[in-house]
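Here is what Swiss-Prot records for this protein:
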- R51, G52, A53, R94, Q199, N250, K251: substrate binding site (BINDING)
- C160: site 'Transition state stabilizer' (SITE)
- D240: active site, proton donor (ACT_SITE)
Amino acid sequence: MSTVVTIPRSVSWKGDAIAVLNQTKLPHSTEYKTLTTIEEVWKSIVMLEVRGAPAIGIVAAFGLALASKKYTTLHIEEFQKKFNRDCNYLGTSRPTAVNLFWAIDRMRESIQEITTIKEAQKILEEEALRIQQEDEAVCRSIGEHALTCFKDGDNILTICNAGSIATARYGTALAPFYIGKEKGVRLHAYACETRPVLQGGRLTTWELKQAGIDVTLITDNTAAHAIQTKEINAIIVGADRIVANGDTANKIGTMNLAILAKYFDIPFYVAAPLSTFDITKQTGAEIVIEERDETEVTKIFGKQVAPVGTTVYNPAFDVTPNKLITGIITEKGIICGDYKREIVSLFEKTS
């Protein structure tokens, strides 16, 4: 029997504005912030009000559609110049999230043949909506494929938030929990809190509880003990960038879990859409890793917890080598084994 599941959304298009779920306010309050300029979109991405690679791509696409509406009186050449400037500007917001650049490129390519600004504005709005709609379908498909990896009653560990609020809907790593709930397959999530800004503790627990899905929160340094004592059956994570050989950039701490999975001999899955793949890069060594402000580590909710002046290293992501990954779950199926060959083959089939 199917069950209706409450699945929150993070981005909505209002025609002349974008409404984003302000994820920095969760779980204490559910606030939607209205964005009306390209600068507000950029800041919202940088400040993690909207986050998750697919959601970042979606809000960037809407941001470009929104910005185009302010250029109605320009000549077409000047419009193109300002639009390209906006594309480059948004690209500086989160350099590791490949979906951001994928969405920007799609928006840029969609108006290559336009002859009027009115035509461009219409096409850009339609393309942004299409990106959002496609992502929802893609995430559901990822969830369907991922669910085949698990059985009723499984305990599954995850990190950060690769859920509905990080995408158009359903999420990637959390998609099988939603699809499982719909189909009566009970999956229990163990969520790492995910320092330094606690996306697991604040966001994953919040959205799964909204849907009535069992979730247990653990500190990041409890992961090994939890696997050892709580009968964790598998680990599933999202991705911010996957390169041609399968090396995967995701939230800092992901590689720790992959190493633990190898040691304890449990499956380690990556769930991501094809738009998260960057096959222009051959190995993870080529991925640019964003480093964030030291205050994310030295302060917790505004309170200083380390001596002032302490040196901080705060990378937002790490890169998990392909040899630690059991399978990469995409909307087209599950890739495993020879990742380089399988990824090339997958993109040849979809091109």
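Quick reminder: no glycine exception, Cβ is built from N, Cα and C everywhere.
Feature map: annotations from Swiss-Prot on the structure.
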{"residue": "R51", "record": "substrate binding site", "DSSP class": "coil"}
{"residue": "R94", "record": "substrate binding site", "DSSP class": "coil"}
{"residue": "C160", "record": "site 'Transition state stabilizer'", "DSSP class": "coil"}
{"residue": "Q199", "record": "substrate binding site", "DSSP class": "helix"}
{"residue": "D240", "record": "active site, proton donor", "DSSP class": "coil"}
{"residue": "N250", "record": "substrate binding site", "DSSP class": "strand"}
In sequence order, the recorded positions (R51, R94, D240, N250) whose C-alpha falls within 10 A of C160 (site 'Transition state stabilizer'): N250
Cβ within 8 Å of the mean position of the Cβ atoms of R51, G52, A53, R94, Q199, N250, K251: remaining residues of the chain near substrate: I56, A97, C160, N161, A162, A166, G238, D240, A316
Pairwise CA distance, R94 (substrate binding site) versus the residue listed as 'active site, proton donor', rounded so that it is a whole Å: 10
Site diameter for substrate, Å, by largest Cα distance between R51, G52, A53, R94, Q199, N250, K251: 16
Residue pair R51 (substrate binding site), the residue listed as 'active site, proton donor' - Cα distance, angstrom, rounded: 11
